[in-house]
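Per Swiss-Prot, active site, proton donor is recorded for ASP287. Here Swiss-Prot flags ASN172, GLU238 as Mn(2+) binding site, drawing on sequence analysis. Here Swiss-Prot flags ILE175, TYR176, ARG177, ARG189, TRP190, LEU191, ARG194, GLY195 as prenylated FMN binding site, drawing on sequence analysis.
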Amino acid sequence: MKYSDLRDFIAQLESRELLKRIDYPVSPHLEMTVVSDKVLRSGGPALLFTNTPNYDMPVLTNLFGTVERVALGMGEESIVALREIGKLLAALKEPDPPKGFKDAFSKLPLLKQALNMAPKYVSGAECQTHVWEKDEVDLTLLPIQTCWPGDVAPLITWGLVTTRGPHQSRENMGIYRQQLLSKNKLIMRWLSHRGGALDYQAWQQEYPKERFPVAVTLGADPATILAAVTPVPDTLSEYAFAGLLRGQRTRLTRCIGNDLHVPASAEIVLEGYLEPGNEAPEGPYGDHTGYYNEVQSFPVFTVERITHRDKPIYHSTYTGRPPDEPAILGVALNEVFIPLLQKQFPEIVDFYLPPEGCSYRLAVVTIKKQYPGHAKRIMMAVWSFLRQFMYTKFVIVCDDDVDARNWQDVIWAMTTRMDPSRDTVMVENTPIDYLDFASPVSGLGSKMGMDATSKWPGETQREWGKPITMDEDVLNRVNGYWSLLGLK
């Protein structure tokens, strides 16, 4: 599905009955979480709350509440087509050398398409139709959700944060939650390994006493949001990739108060800065693990300016024990990851991040095993190849006769093909999600790899068991007279 911006996407969802307008008054304080959660768990539509008590803005939730809508946001019609996006990314990340003159020409359309999707810079953008400055800046006028009873304050959840490190031309996009502190202040919660935090660290080293410019987009088009969480190659900007997904170039405009660029069609933009050394305790908040996280200090984001479209839409979500919207997003992106992994490791048959494992903390991989120790190589590959798997705590590797998405198959393989001592790999002192309170040190913990493949000579001295299978001729013969047995 092709679309121009968030409003066009909403209109097309509504025409397909994939979005429901809620005219009954529903509060962003806890109530929207209950409604959104019930609808998501039933596989229901995206929701547009048009009657938000005490606020003038409608609230959009559950935009990516089904895999189908994630696929539509990526310009496709089904989850199956997401594999093609993964193949495109794999080709752009590590293009195969042409096999000849004819093959070189066949690769040109792909390269040309990527180059032609460079962002288009415009002035007079829709997102700057209205400007709040100085005393007009008031974040409390936005219908920011309070998602759970134990949350310390309202929380921006779909803020698309744009930063740029010193001496860099490329801007970084990331999605980081932001706690409301006051009318013009938020807390920017980003992990130290993420792009925005790395830009800020580099800025502090270069300009230790200068303010760090930041822009936050609320209500970007789906392709831009999804590009921010997809492993886009360093040779391609997230905005160019969003253009590829959307089928048209991303329109960007320069912020009024700094040199950063934001989507021209965004609903709301927050412009401001981080002051080196200015931090505040963030949390607790209920998060995607199903628990409240501990309180930690993060930088304070001072908002100098709010710009927005006519009648802006506030885009929000909640996070909690799966399934939630990030978990659904993870299921869809799983299909994008597979071709990327297979490009580098062709022996991988399937790769699965179970949503109940918080979408990234556990991975199951099936391979065509080729030599002793092969499973351990794949474990290391998963942990190191894509930064999205930096926080994956458990990797289970199975043979290709196992269905990676069927726990009965996986547990059977683990309990029949594993010796706990021989087939378990432990790696200590590795990067771990700060939200993982089970790790002994915040941000640092261990990883476990489990080799549930059949063992080859060199891995065992015993005769290995042969799986039981029925004779195919007998199966076909019985199936031929099955209907005559009077059995269902």
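Just so you know, glycine gets a Cβ as well, placed from its N, Cα and C.
Note that the coordinates shown come from a computational prediction; the quantities given were computed from them, not determined experimentally.
Excluding ILE175, TYR176, ARG177, ARG189, TRP190, LEU191, ARG194, GLY195, which define the prenylated FMN site, the same chain contributes VAL161, GLY174, MET188, GLY196, ALA197 within 8 Å (Cβ to the Cβ centroid), listed in sequence order. Cα separation, GLY195 (prenylated FMN binding site) to the residue listed as 'active site, proton donor', rounded: 21 Å.
Taking the C-alpha atom of ASN172 (Mn(2+) binding site) as reference, the shortest distance to any of the recorded positions ARG189, TRP190, ASP287 belongs to TRP190. For ARG194 (prenylated FMN binding site), the Cβ neighbour count at a 10 Å cut-off comes to 18, with all displayed protein chains included.
The distance from the Cα of TYR176 (prenylated FMN binding site) to the Cα of ASP287 (active site, proton donor) comes to 12 Å. Note: the Cα of ILE175 (prenylated FMN binding site) and the Cα of GLU238 (Mn(2+) binding site) are spaced 13 Å from each other. Reported as a whole number, the C-alpha separation between LEU191 (prenylated FMN binding site) and the residue listed as 'active site, proton donor' equals 14 Å. Calculated from their C-alpha atoms, the gap between ARG177 (prenylated FMN binding site) and ASP287 (active site, proton donor) amounts to 10 Å.
Those residues noted as binding prenylated FMN (ILE175, TYR176, ARG177, ARG189, TRP190, LEU191, ARG194, GLY195) have their most widely separated CA atoms at a distance of 14 Å. In sequence order, MET173, THR224, ALA227, ALA228, THR230, VAL232 are the residues near GLU238 (Mn(2+) binding site), counting only same-chain partners six or more apart with C-beta under 8 A. When secondary structure is read from DSSP and collapsed to three states, ASN172 (Mn(2+) binding site) falls in the strand class.
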